[in-house]
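Database features (Swiss-Prot):
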type	residues	note
COMPBIAS	881-900	compositional bias 'Acidic residues'
COMPBIAS	907-917	compositional bias 'Acidic residues'
DOMAIN	32-148	domain 'Cadherin 1'
CARBOHYD	Asn86	N-linked glycosylation site
CARBOHYD	Asn330	N-linked glycosylation site
CARBOHYD	Asn365	N-linked glycosylation site
CARBOHYD	Asn716	N-linked glycosylation site
REGION	846-937	region 'Disordered'
SIGNAL	1-22	signal peptide
TOPO_DOM	23-818	topological domain 'Extracellular'
TOPO_DOM	840-937	topological domain 'Cytoplasmic'
TRANSMEM	819-839	transmembrane segment
Amino acid sequence: MKMRAITAMLLLVLSGQCGILAGKVNKHKPWIETSYHGVITENMDTVMLDPPLVALDKDAPVPYAGEICAFKIHGQEAPFEAEVLNRTSGEGVLRARGPIDCEQQKEYTFIIQAYDCGASPNGADWKKSHKAVVHIQVDDVNEFSPVFREPLYRATVTEGKIYDSILQVEAWDQDCSPQYSQICNYEIVTQDTPFAIDRNGNIRNTERLSFDKQQHYKIMVTAYDCGQKRAMESVPVHIDVKPVCKPGWQGWNKRVDYEPGTGSKQLFPKMHLETCDGPLSSVRAMVELQTSHIGKGCDRETYSEKSLQKLCGAASGSTDLLPAPSTSTNWTASLLTDSGRDSDLIFRFDGRQAANIPDWVVPQNLTDQFTIATWMKHGPSPGLRAEKETLLCNSDKTEMNRHHYSLYVHNCRLVFLLRRDFIQLDSFRPAEFHWRLEQICDKEWHYYVINVEFPSVTLFVDGVTYEPYLVTDDWPIHPSEIDVQLTVGACWQGGEVTTPRFTQYFRGSLSGLTIRPGKIATQKVISCLQACKEGLDISSLESLGKGIKFHFNPAQSVLVMEADDLESINTAMTKVSYINSRQFPTPGLRKLHITTTVQCFGEDTCISIPEIKAMVMVLPPSEPRITIAGVERLVWPSAQLRAPVGVALFKDIHIISTVTKTDATLSIARRPGVLELMHNLDYCDVLVIGEELDPERESLEIHHSSLLGKHLDATNSTSGISIYGVDSMAHYEQAIRQVRYRNWKPGSLSERRFRLSCSELNGRYTSNEFNLEIGVVHSSEAVEHVNHMAVQSQFMRPVHHPLVVHTVNSDHISGTPPAATVVIVMCIAALVVIVVLGIYRIHTTHQDSSKEDEEERKDPEMDWDNSNLNSIEGTQIAEEVREEEPEEDEDEDEEDDDLAGDLSSAESEDSDEDEETNIQKGKVKGKLEWDPSTLPY
């Protein structure tokens with residue numbers, strides 16, 4: 001027990017002595033700088049301190065007491081920690097405990113102290129340094145891209161202005177430092193734009209913008225921060241160009257397409273006038289359709305002059321002095337022609353061409369009433385003293401140089417000279433009639449008609465009447481026996497010169513020059529002949545209201561409208577239409593001009609409205625294909641050719657016209673894509689192929705009654721017959737079916753060939769050439785044999801294909817069973833009985849119908865009167881008469897019923913076919929002997 005007490009006492013004494021010794025060893029506190037400045041890069045952990053973190057202790061090199069064991073940080077949760085790198089040297093380092101984000105905190109300030117290791121290994125009696133202030137700045141990293149504050153920018157500018165700033169775009173950056181958070185530059189990404197942008201984001205235009213050129217711009221803009229980091233996404237900027245309020249028409253199309261056959265089409269359905277809110281008292285708009293380059297001034301029918309006069313109801317008897325060159329009209333062959341694509345025949349005279357009209361063409365009986373008409377296009381005459389330019393001249397052929405009548409142009413005046421042979425030679429009479437008109441030298445087409453009712457002469461130009469401004473008198477011409485010469489394009493000087501020649505040449509273009517003796521043209525006919533088939537129109541006149549006034553010029557190429565308010569004129573302009581009534585119009589452009597005058601209150605004109613230039617495009621029409629079809633070969637007995645009525649050549653002829661359509665809706669036509677079209681024809685020619693007709697023994701004829709009720713006429717020659725006039729294909733079919741060929745001396749004739757062709761629009765569209773061949777049978781036996789083989793009870797038959805007769809093999813006949821032979825014989829006998837009964841029935845029926853015809857009616861188509869025949873020598877006339885055969889049947893009663901049905905059907909045919917059929921039946925019954933009672937003449 002005593003030992004334990006002694007031991008404890010010793011330990012206590014020793015520990016006390018050690019404490020006294022330690023206090024004597026760790027005498028000094030560590031020493032550090034009073035302040036530190038550090039920098040740490042964002043997202044890094046090491047802090048760069050200035051000065052470096054070093055603690056000193058004067059107790060060194062005493063172990064523990066002179067060593068540094070720790071650095072401690074005091075602050076509000078400073079995200080840093082200090083670490084001793086070397087206890088002896090006192091070096092330390094400052095690190096971040098986690099990622100440092102500059103965007104959250106840019107600077108940190110805290111307190112740091114150094115601690116030595118104390119006096120012993122257990123750290124007892126340690127000492128700490130004074131407090132030092134540490135200030136740390138966070139260095140930014142350019143980790144964010146600029147971002148625009150708006151997803152889209154919009155602005156509106158007025159055209160024609162230069163802006164310093166149209167709008168400003170703005171971007172920002174999330175980086176914390178001024179270097180990386182500021183936007184230093186903007187850039188327009190879109191290339192070739194009339195815009196620029198400065199470093200502050202202001203967008204301006206670099207040139208004057210035009211609403212007509214471009215109404216909207218879309219550009220893309222990007223931004224750069226001061227570290228040259230580019231925005232991840234560019235921003236769109238939309239800039240609208242607002243037009244300067246310009247007075248004028250708006251909402252119209254420069255081109256309007258016109259489909260042929262669509263009638264009236266509105267030209268400006270959405271058109272309206274902008275006046276910029278200016279007060280107005282009246283508006284006047286003039287719409288002009290320019291068609292001077294189309295045909296003869298506008299789209300007109302291009303039929304021949306004869307066909308047009310027939311169509312317009314002009315009096316017959318006019319002479320065409322400028323017909324198309326042909327074998328019979330060869331005096332125009334040497335003239336220059338300018339036929340357009342519409343087959344519109346135009347003759348050009350350049351001051352060196354003229355034509356002598358043959359004497360047989362010249363009208364010889366000009367009375368006190370006659371008409372001269374022509375289309376003329378003429379410009380100013382060259383030279384200071386222009387000479388006379390003669391269109392038409394009738395002068396002495398030889399010896400003298402007297403002008404009996406002439407039509408000429410002199411110094412843009414139209415002069416008509418008429419000197420008559422009078423009994424009273426001592427009296428002055430009106431001789432020269434002068435008109436001074438702008439139309440004569442305006443280089444445009446005009447239609448001139450001179451109506452002579454001597455001593456009065458009236459001029460019509462495009463349907464408008466003009467009286468002469470000057471009429472001069474002259475002595476009458478002394479009667480003489482000197483022949484006269486009618487010329488076109490110049491005047492013939494046959495006397496008073498060494499060599500007869502042309503003088504006073506015409507320079508211009510002529511078409512349709514005609515002269516009609518004995519009658520003058522009426523206003524209605526003149527208007528019809530020169531009428532335009534295209535023009536301006538107003539749709540829905542009733543919708544215009546009372547606030548609009550309008551009027552057309554005679555050709556409907558100019559429309560003038562006036563209104564007191566804007567709404568009325570806008571409504572009226574939407575109703576303006578274009579119309580072309582031709583079935584096959586001339587395709588191409590027609591120019592449109594609109595001039596507008598606006599009047600304000602108390603002023604003449606206050607707003608200037610720009611002129612509008614537009615166009616109508618007439619699309620090409622579907623070209624028709626005219627097809628003539630029928631029997632191409634006929635066989636006739638010579639006796640029929642000798643008959644007074646001859647034979648009808650084209651009895652079963654058919655004329656159709658088709659057009660090819662791409663529209664799928666037209667597949668209901670006869671063939672997919674093909675549509676049958678109804679239109680007029682203007683002539684059909686029947687020409688003789690081979691030798692011309694011999695007037696001594698043959699002729700082509702068409703009865704005048706066949707043309708009655710139609711707009712048709714016919715002319716003939718030894719080459720053929722021409723049926724002309726503007727009429728339907730059905731009327732042409734009817735007329736052609738009445739063309740008859742007659743040969744009263746057919747002894748040496750074995751065949752004749754003819755060719756039929758038709759035209760629409762004076763040859764613009766022509767048919768196929770239909771060839772017909774007729775064969776002549778001279779013996780009655782041959783006729784009976786042919787007819788028997790054809791099993792027909794008529795002399796003539798259409799031959800569609802060569803007749804092939806098959807001979808029955810005798811071995812086959814001998815092998816026929818007896819029962820079959822009996823049946824065949826009985827059938828043949830029954831057939832013979834039926835045929836005989838049928839022929840008798842036909843004959844009796846025809847006699848009854850003939851009596852009824854004589855009592856009740858007389859067919860004008862078959863009432864042949866040789867005095868009224870147009871003996872058109874060289875034109876084909878053939879008539880094909882066909883009978884239906886009764887079908888054979890085992891039952892004789894059924895055969896009788898079938899035969900009766902066929903006869904009833906035959907009786908229901910038209911009168912022409914009935915009478916022709918009856919003629920043939922009578923001939924069969926009489927065995928080639930004519931039964932006069934069956935003939936209709």
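Using N, Cα and C of the backbone, Cβ positions are placed for all residues, glycine too.
Most Cβ neighbours within 10 Å among the glycosylation sites Asn86, Asn330, Asn716: this distinction goes to Asn716. Across the range of the domain 'Cadherin 1' (32-148), the DSSP-based residue counts are 0 helix, 54 strand, 63 coil. If you take every residue in the domain 'Cadherin 1' (32-148) and average the pLDDT, you get 87. Under the three-state DSSP scheme, Asn716 (N-linked glycosylation site) falls in the strand class.
Cα of Asn716 (N-linked glycosylation site) to Cα of Asn86 (N-linked glycosylation site): a distance of 140 Å.
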